[in-house]
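Per TrEMBL, these features apply:
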ACT_SITE  Tyr166  active site, nucleophile
ACT_SITE  Tyr166  active site, O-(5'-phospho-DNA)-tyrosine intermediate
BINDING   Glu252, Asp304  Mg(2+) binding site
DOMAIN    137-198  domain 'Spo11/DNA topoisomerase VI subunit A N-terminal'
DOMAIN    202-238  domain 'Type II DNA topoisomerase VI subunit A all-beta'
DOMAIN    247-417  domain 'Topoisomerase 6 subunit A/Spo11 TOPRIM'
REGION    1-20  region 'Disordered'
Amino acid sequence: MADSTSTKSRKRRQPDPDSTTELLFKNLLKPDSVILQTLQSLVISTASASSSKPLTLSDLSLSSSCREVTDLSLTSVQSEIEALTISIVQSILSGKGFSFNVPSRAATNQLYVPELDRIVLKDKNTLRPFANISSVRKCTITARILSLIHQLSLKSIHVTKRDLFYTDVKLFQDQTQSDAVLDDVSCMLGCTRSSLNVIAAEKGVVVGRLIFSDNGDMIDCTKMGMGGKAIPPNIDRVGDMQSDALFILLVEKDAAYMRLAEDRFYNRFPCIIVTAKGQPDVATRLFLRKMKTELKLPVLALVDSDPYGLKILSVYGCGSKNMSYDSANLTTPDIKWLGIRPSDLDKYKIPEQCRLPMTEQDIKTGKDLLEEDFVKKNPGWVEELSLMVKTKQKAEIQALSSFGFQYLSEVYLPLKLQQQDWL
């Protein structure tokens, strides 16, 4: 009986493999003061790089001519719409009917510029005639959107994209149609979408070592609780940014953001934590760029180890094809890929049961990304993405919770920062 009891006791005392792994990596950590010194050197190099004048399209001699939009005042937007309306009336009176000359946002009209590390829109246009059965409805939607934007410029008010859709549900039918034409109108008028006074609903949030003014009210993001401060949908309201942070941590998922916010990660390692809770929205992209430009801080990204995590990272850094016409304002240069990377799965001994098999669509998306010029430019990205496609394994940030709920903030990220393990 004693032998049996002894055997059971020995079985109970066997260490948990996950706890052993956590302890192993915890022992590799150096004092926080050492890690902070490492981050200081990154801040200095980032500030030095930011001090030089950034390249623009006009500085380059490209084989294809490209177009970019700029911020316009409400008066300028109003004048552009009125001038366009007058030209349409003249065309109708001359017996030619009317059509809109719309910049093409098709994939074939996009160009990745390595020197700028972002996607831009080439100058090809398409005609959208009213007297054509295939385009009459879209032409009508375009005229209606122009009319609504003109009203907004006269009244000097903002509305959401959803508000815009509900002004004429029968015509628009679906919000994706009014949203798409809204981007067309931005291209036609040569202005940013923000200049049209149409905004998206609040989505992104920020917390940490940042103070800024929101429409005149000073906001301290260390005192906003674990929920953080909603990123204002109108970037014009944001100003007077101040920070003692050493870096900006861009997080893909809301769950990871909440973990870091509750653990006050930004107090241990002075930083600003921001998330768009998945797909990047325009307001979060504008806010991130403004922080990087004004504060001259490095941006480190924490995304899932799957093709979509890398796509989200690329939208922040290189822009989206859908809004390539405004990539100069929406992209944040030189974002470092901190994690979760495919090589981390073995390096940090992520348990097999926490790794997910990639679907056929995942694999196809990964292979398609490998063909993108913005991926090819970065050998580290190519290596990581190739490993992902080869192993056919993906993992979410939450897989780190298998070692403990606070493993992300107490072990994984500090170790990453200590080793300067980013791409």
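Note: Cβ is positioned from N, Cα and C throughout, glycine not excepted.
Caution: TrEMBL annotation is automatic and unverified by curators.
As the structure is a computational prediction, the values presented were derived from the model and not from experiment.
Sequence-distant neighbours of the domain 'Type II DNA topoisomerase VI subunit A all-beta' (202-238) (same chain, 6+ residues past either end, Cβ-Cβ under 8 Å): 158, 160, 194, 244-245, 249, 257-258, 261-262, 266-267, 270-277, 281, 283-284, 286-287, 290-291.
Annotation for Asp304 (Mg(2+) binding site): same-chain Cβ neighbours under 8 Å, separated by at least 6 residues, are Glu252, Lys253, Ile340, Lys394, Ala395, Glu396, Ile397. Least crowded of the recorded positions (Tyr166, Glu252), judged by neighbouring Cβ atoms within 10 Å of its own Cβ: Tyr166. Per-residue pLDDT, averaged over the domain 'Spo11/DNA topoisomerase VI subunit A N-terminal' (137-198), rounds to 95. DSSP places the residues of the domain 'Spo11/DNA topoisomerase VI subunit A N-terminal' (137-198) in helix, strand and coil in these numbers: 48 helix, 4 strand, 10 coil.
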